[in-house]
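A.B. asks: Okay, here's the structure, questions in a sec.
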Amino acid sequence: MATKEKLQCLKDFHKDILKPSPGKSPGTRPEDEAEGKPPQREKWSSKIDFVLSVAGGFVGLGNVWRFPYLCYKNGGGAFLIPYFIFLFGGGLPVFFLEVIIGQYTSEGGITCWEKICPLFSGIGYASIVIVSLLNIYYVIILAWATYYLFQSFQSELPWAHCNHSWNTPQCMEDTMRKNKSLWITLSTKNFTSPVTEFWERNVLSLSSGIDDPGSLKWDLALCLLLVWLVCFFCIWKGVKSTGKVVYFTATFPFAMLLVLLVRGLTLPGAGAGIKFYLYPDISRLEDPQVWIDAGTQIFFSYAICLGAMTSLGSYNKYKYNSYRDCMLLGCLNSGTSFVSGFAIFSILGFMAQEQGVDIADVAESGPGLAFIAYPKAVTMMPLPTFWSILFFIMLLLLGLDSQFVEVEGQVTSLVDLYPSFLRKGFRREIFIAFMCSISYLLGLSMVTEGGMYVFQLFDYYAASGVCLLWVAFFECFVIAWIYGSDNLYDGIEDMIGYRPGPWMKYSWAVVTPVLCVGCFIFSLVKYVPLTYNKVYVYPTWAIGLGWSLALSSMMCVPLVMVIRLCQTEGPFLVRLKYLLTPREPNRWAVEREGATPYSSRLAVNGALMKPTHIIVETMM
């Protein structure tokens, strides 16, 4: 067949098979048509609903408490070099890919891959396993923030002094530390600060280890319940309600971050903190860990490989120009991370000056920044109660809208597996309540006296960078080398009216897979077993459990491949060709409704469906 005819054949196939019919949503259900009720998949009320939902989904805690610390730790301004390489070579291409395939197929994170390439539908299942585990422990941070917020409504912040029942004789107030020589003498005696004791002895009541869970912390359990109730009532009506809630939850944190930035820049010592944040150390680029941190931060901060962005994209109208908005949202996300560093390190610079210590001694990441370093800083400011309330409201809202999006992505992906059952009546709402309840009950293990050890185990393994890189590699591989980047570009052109520049398809084909593989290998080579505070060493069984959590998502891809091949009849190569071929929407819709599995029938109207790209063509 001539090359020109072959390309035309592929375009015709692509148009006939995956392009939705006029007046129908992609994935139209035949039984709805028979009843005279064309399916109306829920759509965003306006473009701004989608933009704010995505912004709220990926502008979260990681932008405020992880990026600034990584920037300082990995060479300051020099860290921006690997960061931008991973941003343009991996983060933005995968982010846009997930949004656009959701919009193109009008399916969630699992069923979109069933349409595109049934053999690799395990990609969707892997994403859902990751986001399900993430939903269990991410919300614990919000429970802690809620507890701190309630404790902030006092004339004197409870972590400012050492005169409470949970304090020990080793507690030393920060006023004593202003005398640097005295502090150097006392620090050799293992004195602790009131804010550290409040965190470890009051909030966590930290036990001796993960094998000593202790009793349930009822105050944290109630805070966790409150957060889950807020989450449920904000998403239970679908994107119509979520799209309105994010008008507040996605915008108000930016206003508060701006206030904190202005306040931080006006504090004494702010200049030293910012210099410490951005001072470039080019020699750090020789360390592979710097590149690993840059890659994993990009994937975390863009909330990709979780199925959430695909689910949000599936509610877009077919002709919506998501390419333009995805690029703008990418700028917003990375810009927020960068500006957050000024807000955080200006305050840490002030804090270091007040204590008479180096900034490196007060710089923290993750929970250490949010619940130790920053609460300590506000006790040194005028109006500490006001700044504490402001900070924890911002932290809570940043986390809440991310949680909304992650749970919505999880629910959408699972509901799309059984739409005729779960979309009837109030079944979707009941299903959301069930998922929230299960996640809450599992999360109770993290609000015990030993819960912090469980939380760290989930955070280190369950949704680790290794898992996200694994999923991202297969997403790009399937689109570029099986379905075909040009075929997807045809669909994009049909949706937005033009073809994006070649940067995206080159990234999907080469750049992103190479970055993912390199970062994945170095992550395994540089792997260090988990510890808590660099002191407590996790037992072997806990490390094994952590790797089981990581593998539970990664194994979905090969496991589903084997299951699909076993379920399909015929010679091996024939089965392989069929499973590498995009599914015809209406026939696939019948299968997902419980009819005779179409995967057991190898022909469509007596002939195999035409292949789409290189790998399938070489087999034929």
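Note: Cβ is positioned from N, Cα and C throughout, glycine not excepted.
Keep in mind that what you see is a predicted model, and the values were worked out from it rather than measured.
Copied straight from Swiss-Prot:
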type     : residues : note
TOPO_DOM : 1-49     : topological domain 'Cytoplasmic'
REGION   : 1-42     : region 'Disordered'
COMPBIAS : 1-18     : compositional bias 'Basic and acidic residues'
COMPBIAS : 29-42    : compositional bias 'Basic and acidic residues'
TRANSMEM : 50-70    : transmembrane segment
TRANSMEM : 78-97    : transmembrane segment
TRANSMEM : 122-142  : transmembrane segment
TOPO_DOM : 143-217  : topological domain 'Extracellular'
TRANSMEM : 218-236  : transmembrane segment
TRANSMEM : 245-262  : transmembrane segment
TRANSMEM : 298-315  : transmembrane segment
TRANSMEM : 327-348  : transmembrane segment
TRANSMEM : 381-400  : transmembrane segment
TRANSMEM : 430-448  : transmembrane segment
TRANSMEM : 465-485  : transmembrane segment
TRANSMEM : 506-525  : transmembrane segment
TRANSMEM : 545-563  : transmembrane segment
TOPO_DOM : 564-620  : topological domain 'Cytoplasmic'
A.B. asks: What stretch, picked from 50-70, 506-525, 545-563, has the most CB pairs under 8 A with the transmembrane segment (122-142)?
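C.D. replies: Counting Cβ pairs under 8 Å, the winner is 545-563.
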A.B. asks: Take the transmembrane segment (381-400) and find every residue of the same chain, 6 or more past its ends, with a Cβ under 8 Å from one of its Cβ atoms.
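C.D. replies: Counting only partners 6 or more residues beyond its ends, the transmembrane segment (381-400) has Cβ contacts under 8 Å with 59-61, 63-64, 138-139, 141-142, 145-146, 148-149, 152-155, 157, 160, 227, 230-231, 234, 248-249, 252-253, 256-257, 259-260, 263, 267, 370, 374-375.
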A.B. asks: May I ask for the residues of the chain that lie six or more residues beyond the transmembrane segment (506-525) and have a Cβ under 8 Å from a Cβ within it?
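C.D. replies: Counting only partners 6 or more residues beyond its ends, the transmembrane segment (506-525) has Cβ contacts under 8 Å with 85-86, 88-90, 93-94, 97, 288-289, 291-292, 295-296, 465-466, 469-470, 472-473, 476-477, 479-481, 485.
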A.B. asks: What residues in the same chain, six or more past the boundaries of the transmembrane segment (245-262), come closer than 8 Å to it by Cβ-Cβ distance?
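C.D. replies: Same-chain contacts beyond the ends: 48-49, 52-53, 55-56, 59, 64, 234-235, 336, 339-340, 342-343, 346-347, 387, 390-391, 393-394, 397-398, 400-401, 404.
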A.B. asks: Taking contact to mean three or more C-beta pairs under 8 angstroms, with sequence separation of 6 or more, is the transmembrane segment (465-485) in contact with the transmembrane segment (298-315)?
C.D. replies: yes
A.B. asks: Could you give the mean pLDDT over the topological domain 'Cytoplasmic' (564-620), rounded to a whole number?
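C.D. replies: Mean pLDDT, the topological domain 'Cytoplasmic' (564-620): 58.
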A.B. asks: Among the recorded stretches 50-70, 78-97, 327-348, which has the greatest number of Cβ pairs closer than 8 Å to the transmembrane segment (298-315)?
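C.D. replies: That would be 50-70.
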